[in-house]
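Here is what Swiss-Prot records for this protein:
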{"type": "BINDING", "residues": "C11, C14, C17, C58", "note": "[4Fe-4S] cluster 1 binding site"}
{"type": "BINDING", "residues": "C21, C48, C51, C54", "note": "[4Fe-4S] cluster 2 binding site"}
{"type": "DOMAIN", "residues": "2-31", "note": "domain '4Fe-4S ferredoxin-type 1'"}
{"type": "DOMAIN", "residues": "39-68", "note": "domain '4Fe-4S ferredoxin-type 2'"}
Amino acid sequence: MSHSVKIYDTCIGCTQCVRACPTDVLEMIPWDGCKAKQIASAPRTEDCVGCKRCESACPTDFLSVRVYLGPETTRSMALSY
């Protein structure tokens, strides 16, 4: 699958998205931009299955982590209706 995972600077460093990801796409890295001194990172986006559990787990209401599904997934979702 070809999905894009974006982490935004609204991340509060809580690790909820990292713990929610079933395929270990996300990890925490050092960052001085928030109190937690860490931010989520997505070094393994090729393993993303598009489940969006990271988005659901994020306490900032999807403002910090977003999964953009690839065209093949979006197309198959439309066909299932």
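Just so it is clear, glycine is given a Cβ too, placed from its N, Cα and C backbone atoms.
Given the structure is predicted, the values throughout are model-derived calculations rather than measurements.
Note on the domain '4Fe-4S ferredoxin-type 1' (2-31): residues 37-45, 47-51, 53-60, 63-73 of its chain, located 6 or more positions outside it, place their CB under 8 angstroms from a CB of the stretch.
Least packed by the Cβ count within 10 Å, out of the binding-site residues C11, C21, C51, C54, is C51. Of all the binding-site residues listed here (C14, C48), it is C14 whose C-beta has the fewest other C-beta atoms within 10 angstroms. Counting other CB atoms no more than 10 Å from each candidate's CB, the binding-site residues C17, C58 peak at C17.
For the pair formed by C11 ([4Fe-4S] cluster 1 binding site) and C48 ([4Fe-4S] cluster 2 binding site), distance between Cα atoms is given as 19 Å, rounded to the nearest Å. Looking only at the binding-site residues C14, C17, C58, the one with its C-alpha closest to C48 ([4Fe-4S] cluster 2 binding site) is C17.
When averaged over the domain '4Fe-4S ferredoxin-type 2' (39-68), pLDDT in the model lands at 87.
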